[in-house]
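*Asks:* Got a structure here, written out as structure tokens. Questions coming.
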């Protein structure tokens, strides 16, 4: 039986689903706009420059640190042969890679063997960090995704 209470419930369900959908569209676009600004990234390879190794001495005087370069993308830190005598650390800008990524701030990818990783970040000199971790700015999307999925399921099952 169709009642006014059901109509209000359906209306709220649709409104919540629409707001959730708009949130998923709007948030990535605002994040992508921030990536167009220039940032500074360290540019070095520990194979040829010991200053590039971990742990990185970010408290050293600028002249004692690896060179900085202006970057119109994201900073990258790549590690090969992690935690071994052959460990190699490379810090650079994504403009030097043949890669097209969106919203990669504080994202790390592990090598399949587990002996290396590659991390991306979007703040000045952020590739000096020994460990880049997710900063939690995108974690609020998980409950929204669950709620929107549940609401869409409820809406489609009626």
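Note: Cβ is positioned from N, Cα and C throughout, glycine not excepted.
Checked Swiss-Prot, it gives:
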SIGNAL    1-32  signal peptide
DISULFID  41-75  disulfide bond
DISULFID  44-52  disulfide bond
REGION    54-67  region 'Loop 1'
DISULFID  71-93  disulfide bond
REGION    77-91  region 'Loop 2'
DISULFID  108-119  disulfide bond
DISULFID  121-126  disulfide bond
TRANSMEM  136-156  transmembrane segment
*Asks:* Within 10 Å of the Cβ of residue 121 (disulfide bond), how many other Cβ atoms can be counted across all chains shown?
*Replies:* 23
*Asks:* Rank the disulfide-bonded residues 52, 71, 108, 119 by how many other Cβ atoms lie within 10 Å of each Cβ and give me the one with the fewest.
*Replies:* 108
*Asks:* Cβ under 8 Å to the region 'Loop 2' (77-91), counting only same-chain residues 6 or more beyond its ends: which ones?
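*Replies:* Long-range Cβ neighbours of the region 'Loop 2' (77-91): 41-47, 52-54, 66, 111, 114-119, 121, 127-129, 132.
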*Asks:* Taking each of 41, 108, 119, 121 in turn, which of these disulfide-bonded residues have a Cα lying within 10 angstroms of the Cα of residue 71 (disulfide bond)?
*Replies:* 41
*Asks:* In Å, rounded, how far does the Cα of residue 52 (disulfide bond) sit from the Cα of residue 41 (disulfide bond)?
*Replies:* 12
*Asks:* Which whole-number value in Å describes the distance between the Cα atoms of residue 41 (disulfide bond) and residue 121 (disulfide bond)?
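*Replies:* Computed Cα spacing between residue 41 (disulfide bond) and residue 121 (disulfide bond) is 9 Å.
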*Asks:* Let me spell it out: for each of the disulfide-bonded residues (75, 126), count the other Cβ atoms within 10 Å of that residue's Cβ, using every protein chain shown. Which one has the most?
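*Replies:* Top count of Cβ atoms within 10 Å goes to 75.
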*Asks:* Quick one: Cα separation, residue 119 (disulfide bond) versus residue 44 (disulfide bond), in Å?
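*Replies:* Spelling it out, the Cα of residue 119 (disulfide bond) and the Cα of residue 44 (disulfide bond) are 15 Å apart.
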*Asks:* Near residue 121 (disulfide bond) in space, meaning Cα within 10 angstroms, which of the disulfide-bonded residues do we find among 44, 75, 108?
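*Replies:* Of everything listed, what lies within 10 Å of residue 121 (disulfide bond) (Cα to Cα) is 75, 108.
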*Asks:* Quick check for the class: what is the C-alpha distance, in angstrom and rounded, between residue 93 (disulfide bond) and residue 75 (disulfide bond)?
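*Replies:* Cα-Cα, rounded: 5 Å.
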*Asks:* Highest Cβ count within 10 Å among the disulfide-bonded residues 41, 93: which residue is it?
*Replies:* 41
